[in-house]
Amino acid sequence: MEEAGKTGLQLLWSLGWIVPWTLMASIGTGMLLPMGNFLTLNFFAQRYTDLPPSEIKCQISTMSPYCQMALVDGNRLLTVLALVMPLCQFLTLPLVGLLSDAYGRKKALFVVFCLSNVALVFADLFIFFNVSFWFVIAWQPFMNTQVCTTVLNAACVDLLRPQDRAAGMGIISALDTIAYVIGLLLGYHLEMKQTYIVATFATLITGFVLVVFFPETLPPEKRSFQLSARNFVPWDSMPILWRTKTLRNLSIVTAIAAFMDSSTNRMMGTYYQRRMNWSAHDAYIFEFFWDMSMILWMTLFFSWIIWFVGEVGAMAFGRLMSTVYTLIAVGLVRPSQAFVNCAICAGPMTFALPAVAGLKSRLVGEEEQGRMQAAISTVFTVSGSIGSLLGGFMFEKLGNVDENGQFSRIFELGQAMVVVNLVGAFLSAFLFYDLFQRTRHFIGKPSSLEDGQSTRVAEEMSPEDSTYGSMSQHQ
């Protein structure tokens, strides 16, 4: 007799200390992430004014001439980072997945958590001692929150049954966002220096909790993977993504979604700053509405959508709402309008990653979960970086000043964002239909396998993928 999926409280109980640790880490992220762009503006604005660095405050308003010029430099920096990021993440993420499969999740998470917070140390030095911000810029492409998320996803998969993984990650994402909103509210009411002081202490406490309380979800007896010199070649674990047609098409859909969303988001932030007076407070409020939308959709609707139409149906719905969001956003002229738009549409736009992670975890065995989650993150990050590169190029051509010093082509930039989203949605529709046919046997029912067994047999239910069980390159 098939066992129904667990309730939200049961899923949280199953995840144990992963939940409070993730919440603690997200509070610091919520305080810092919206402020990061404005920190970059303050750094570049030093070129265009004789004011002391302590008096440059683009986080209060971007309408000052030196802040407006810094926006141009910031856009060019993001374009360069979009070129560098795919290579950096391609080198980092697969290796992190291999390490977590070979040595356990806790050890891998501790290493990447420490390394990812090196950027926070350099940011503190810039704020309090005006040490060059280039140190932060150079470090972030290699180590950032995405690297930690990769290990966390694998740890969640270790603890949850196949039928509960997408819903479990969705609930974790929602609670994680609640903590992020708490961080946003703290950052909103603190000055920049106060924000970084509090966030630095919160990071130290989070590291202590990781060492003392965080569980090892992959015990030694389940680490069948042995690390070798060959595994340090970045592309060694990537063939897992196209091992079957289902995995291949799912990887393509993930790449398209990341490409479209990153190209749009890359342009949208600066588009708002051009179209309206968009301050740091507006950025905090926007993030608040975005996250509240995600919390509501993830906690109230995501698990039901997964149950009735599956992970693929949830991804398709999110893709549709992303297109609707962009169509509306390009015509807005006031921050309040942007807040309402994201409050309605943002939640479904976040369905893709937990749905993809949950579905792919059901298509490989437990001994490959770290590599699979790392491979997913690599596709998502690399494709997103390429999309960000396109967005930066389009903004450079359409969103920059013309020969008369005016932003005369800003409406063409909005039209370009619409075109990118419509083309991506059209391409995704065919893949979603194919994936729905291939994975419909997962909808509304758990895997027929017992807990602890490989879920590869489920994939073998598809005649076209009948060779799946014999193709693991690491066995």
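Glycine residues also receive a Cβ, built from the backbone N, Cα and C atoms like all the rest.
These come from TrEMBL:
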COMPBIAS  464-475  compositional bias 'Polar residues'
REGION    447-475  region 'Disordered'
TRANSMEM  12-33  transmembrane segment
TRANSMEM  77-96  transmembrane segment
TRANSMEM  108-137  transmembrane segment
TRANSMEM  167-190  transmembrane segment
TRANSMEM  196-214  transmembrane segment
TRANSMEM  288-309  transmembrane segment
TRANSMEM  316-332  transmembrane segment
TRANSMEM  338-359  transmembrane segment
TRANSMEM  371-395  transmembrane segment
TRANSMEM  415-436  transmembrane segment
Counting only CB pairs under 8 A, let me know which of 167-190, 196-214, 316-332 has the most with the transmembrane segment (12-33). 167-190
Is it the case that the transmembrane segment (196-214) and the transmembrane segment (108-137) touch, counting contact as three or more CB pairs under 8 Å in which the residues of each pair are 6 or more positions apart? yes
Cβ under 8 Å, sequence separation of at least 6 from the ends of the transmembrane segment (316-332): give me the contacting residues as numbers and ranges. 257, 260-261, 264, 268, 271-272, 275-276, 305, 309, 338, 341-342, 345-352, 355, 414-415, 417-418, 421-422, 424-425, 428-429, 432, 436
With the greatest number of Cβ pairs under 8 Å to the transmembrane segment (371-395), the stretch among 77-96, 167-190, 338-359 is 77-96
I need to check the long-range neighbours of the transmembrane segment (77-96): which residues 6 or more away from its ends have a CB within less than 8 Å of a CB in the stretch? 40, 44, 108, 112, 137, 140-143, 146-147, 150-151, 231-232, 234-238, 266, 371, 374-375, 377-378, 381-382, 385-386, 388-389, 391-393, 396
